[in-house]
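Trainee: TrEMBL lists these features:
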type: ACT_SITE; residues: A:Cys86; note: active site, glycyl thioester intermediate
type: DOMAIN; residues: A:2-148; note: domain 'UBC core'
Amino acid sequence: MALPKRIIKETERLVAEPVPGISAVPHEDNLRYFDVRIHGPASSPYEGGIFKLELFLPEDYPMTPPKIRFLTKIYHPNIDKLGRICLDVLKSNWSPALQIRTILLSIQALLGAPNPDDPLANDVAQHWKENVTAAIETAKEWTHKYATDTAT
Amino acid sequence: MDDPSVDELLMGDPSSSVLSDRLLSDQEALTESRSYTRLMDADLRARLQLRRPTSSRTISNKSTENGFSVWDIRNLEYATEVDDNLMCPICHSPFVSPAALKCQHIFCRQCLSEALSHQQDNKTCPTCRRPTSSNSMVALPKVICRMLEELRVKCPLAFRGCNEIIPRGNVQTHLDRYCGYEEVLCPSEDCDQYLPRRLAGKECLHEPLPCPDCGEEVSLLNLNNHRMGSCKVAEIICTDCSSSVPKSMYEDHITSCMETVLKCTASKYGCDFTAKRSVMQEHIESCALVKLAPTIALQNDRLGEHARALKHLQQKNAVHEAFLDTVKDTLATIASADLATSSLPSDSAAPFDSPLSHLLSLHEALREEVSRVSAAVSDLDAKTDTAFLNSSLRAKEEAAHRDAVLAQLRVQLQWLVSSRLQGIHAARAGAGALGISDTRRNSNDAESSSARPLPSTRRGSDGLGNGGREKL
Ligand SMILES: [Zn+2]
Ligand SMILES: [Zn+2]
Ligand SMILES: [Zn+2]
Ligand SMILES: [Zn+2]
Ligand SMILES: [Zn+2]
Ligand SMILES: [Zn+2]
Ligand SMILES: [Zn+2]
């Protein structure tokens, strides 16, 4: 099926006016598949980390939300072991008036404001609720270990 | 009495000259604020060109049914930049039969119903999420729909070569009646095939004829394609030696044609010699630069390597210098601290411990200072970003405001001019009546009829002028 004009326009804009701290590059052979990199927001446990994600626009995008997943390991109450993200706008609260860039911004915001009351990774959320300082420390360690240049 | 032209009217009246001055200055401001946008657009378009293959793929996917092209209005290419306010938030293209919801948000009718059908039971506006329902859609006023249909688009058959630019509402008519690249039924009665409209004359172009080169049966319509492509015998004339070469041999010929003019292989090292291939070999054997070429290339590589190494070293050096500076600073502070401590009656238990701990604390303090400074810098960064964003927003708003004012002024101007002209016409009519009749009563009538409209006109124009100024 042909690529809808909207996807072409969105891609052009993502390339022409990138969002600070976020990059999304489509695959040459599949323009519905994007390699995404999000910089951890400042003064969050993810600061200094660069997180890789994959984003896929399903056939009926924008009527259904993009499918998106963390590839880099991350310690976060709303992101599970498989990198799936618990974010309402990616599910029930999706609207076709939203865009790839708004979704990526929401994910960056989620890194800055973890919400252990609406968890996807239950053990992490538990840790977060019981001992925030320790949980944040773990998140920092993971960021350093998996999301920096030195990480292998 | 002379009939004053509109221009004279405009120039003569001080109030209208003020008006036109304002118009001009407003227009200037508008163009200025737009030129920046245009600059950004140009940049975007340059990138767009890079991605062209993608978008052309969408167009060429247009299928043909019974010879007639099927096209999707949402895949049309617009010939000019369309105002962002006319873009559907769902398909990101100019609205197609737009519909509004109660919350005043507008979408293409089809986009909206599709979006609502994807929602569960509680339907909400895709933009603001206010509750809504499929039957609360309201069509926009006809005038807006007509303006949208006036938007200029490229013919959907542009990929076949049609260069027409037409109002969006006329695309189907263009394809049905005028487009030279649309397939139409062959004019011959015994033929049920199709051909491009621009080639459709009186005769059938589908009848098979033998190819003059290979004898294979080809229709006149496909003869050119055949001779450029699948024909095995057709010949191509070499532009260099003007001999005709069989197509299959052409590739070999252009790399060996003796008449082709070549540059010396050492041209990039400074040899200006050019000659036909037939004499080039002789030159290459005697050219000193060709012999030197490998050595020069090697030297070039080495130079590049050295430059890179040098740059690396310079960077390292800078880092070292910075480090040295910090060390010097620390030493200076230690020295002064030492002086201070030695002047004191020193009776501490561990005389070697204190300078060390002092050094450490100094180091700590410095580190804190650095982190504070970097925080301040990033803070400042964020502030300038928002300030810039705010000011650009304001500029945009101002431009929109100017637009509105401009439109208003235009209406006022037109109103002024037309009321002026009306006044003149009335006055002339009055004068005519006076000339024909002599009786007192008639002239009175004429006077009163010519005098009456004027004051009312003036009152009207004053009122409107004030109204306009208030809004300004
Ligand atoms: Zn739409
Ligand atoms: Zn709304
Ligand atoms: Zn056409
Ligand atoms: Zn025919
Ligand atoms: Zn042939
Ligand atoms: Zn030749
Ligand atoms: Zn030479």
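These residue numbers are counts, starting from 1, taken along the chain as shown.
Just so it is clear, glycine is given a Cβ too, placed from its N, Cα and C backbone atoms.
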Trainee: Average the pLDDT scores across the domain 'UBC core' (A:2-148) and report the rounded value.
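Mentor: That stretch averages a pLDDT of 91.
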Trainee: Does DSSP put the residue listed as 'active site, glycyl thioester intermediate' in a helix, in a strand, or in coil?
Mentor: coil
Trainee: Check each residue in the chain of A:Cys86 (active site, glycyl thioester intermediate) that is at least six apart in sequence and keep those whose C-beta is under 8 Å from its C-beta; list them in sequence order.
Mentor: A:Asn78, A:Ile79, A:Asp80, A:Asp118, A:Pro119, A:Leu120
